[in-house]
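Chemist: Encoded as structure tokens, here's the structure I'll be asking about.
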Amino acid sequence: MNEDLKVNLSWQPQDHVEASYTENASAAGSSLVPVVDPEPELLVNPWDIVLCTSGTLISCENAIVVLIIFHNPSLRAPMFLLIGSLALADLLAGIGLIINFVFAYLLQSEATKLVTIGLIVASFSASVSSLLAITVDRYLSLYYALTYNSERTVTFTYVMLILLWGASICIGLLPVMGWNCLRDESTCSVIRPLTKNNAAVLSVSFLLMFALMLQLYIQICKIVMRHAHQIALQHHFLATSHYVTTRKGVSTLAVILGTFAACWMPFTLYSLIADYTYPSIYTYATLLPATYNSIINPVIYAFRNQEIQKALWLICCGCIPSNLSQRARSPSDV
């Protein structure tokens, strides 16, 4: 009996646990057999603590990127605007996870549930959309290399940012505007109060964006291989040098896309097949890796960038290392 109670305390909703505990206590009180006191109730779900910790790390890491880009006028190129958009979206997602933890245990109400889930959905939607926008920008910068640094590119970047943030905010407002399962629990998805239909739309949208990113990265790989071959011919490099450079570029793209898929695909597929009746441990186990993507994004897209590295060195140390200032961009830096 004690083992069953421990499982319920760990993974079932709080109201269910309290009701079960009351029934057990009533039954025990009517018995003549001495009753051993149950183990103390867990006041906080350990998974929620892990999610809140993840949100704190996401917020701190991405806040650094946002501040670097915001306080450096030289970082206003389309590429940095998109990286800033990604960092801002991940920052808001981290804040949303923290707020969700605080409200879940200190201020429980329907309004707070809707606001926090709306913020989290909008932020993660903007994060994934920003990743797609960065992929589109990288493809255009390689395919239209001669005309990329033009006013039209800047305008196109601003249009992408307006569209992706507008769409993400609208998606986040859906639960607040009434598309939720607070009145009909049978329509709930794995994340309450999102409906099953809402989660399905988000999952299908993610799969479509992932397919588009995959196609774009395949085209980027072809362009990188062609550019590396042309540079090797112009500088009379050996075939080995061309092979190493191309392999680095392809490996970088594989890491980017593989990390994105590994983080988001489990939760996306689980949201399509599961609903509120499934054990919550599966939701936590698939949702947590999705949050890790927001931790990894600054490492892949921001801190690897040479200009952001210079700005970070200037802020922290007031100088730029000589090896960083003299490093040239290669075809593998995609």
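Here the Cβ of each residue, glycine as well, is placed from N, Cα and C on the backbone.
Curation plays no part in TrEMBL annotations; they are all automatic predictions.
Straight from TrEMBL, here's the annotation block:
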type	residues	note
DOMAIN	61-301	domain 'G-protein coupled receptors family 1 profile'
TRANSMEM	47-70	transmembrane segment
TRANSMEM	82-108	transmembrane segment
TRANSMEM	114-136	transmembrane segment
TRANSMEM	156-179	transmembrane segment
TRANSMEM	199-218	transmembrane segment
TRANSMEM	250-269	transmembrane segment
TRANSMEM	281-303	transmembrane segment
Chemist: Checking distant contacts: for the transmembrane segment (156-179), what same-chain residues at least six beyond its ends satisfy Cβ-Cβ under 8 A?
Modeler: 78, 81-82, 85, 89, 114-115, 117-123, 125-126, 129-130, 132-133, 136-137, 140, 193-195, 197-198, 202
Chemist: For the transmembrane segment (281-303), could you work out the same-chain residues 6 or more beyond its ends whose Cβ comes under 8 Å from its Cβ atoms?
Modeler: 11, 47, 50-51, 54-55, 57-58, 61-62, 64-65, 68, 83, 86-87, 90, 93-94, 97, 124, 127, 131, 134, 190-191, 255-256, 259-260, 262-264, 266-267, 270, 274, 309, 312
Chemist: Restricting to the domain 'G-protein coupled receptors family 1 profile' (61-301), report the mean pLDDT as a whole number.
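Modeler: On average, pLDDT over the domain 'G-protein coupled receptors family 1 profile' (61-301) sits at 87.
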Chemist: What else in the chain is close to the transmembrane segment (82-108), if you only count residues 6 or more beyond its ends and a Cβ gap under 8 Å?
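Modeler: Sequence-remote neighbours of the transmembrane segment (82-108) are 43-44, 48-49, 51-52, 54-63, 65-66, 69-70, 75, 116-117, 119-120, 122-124, 126-127, 129-131, 133-134, 137, 157, 160-161, 164-165, 168, 291, 294, 297-298, 301-302, 305, 308.
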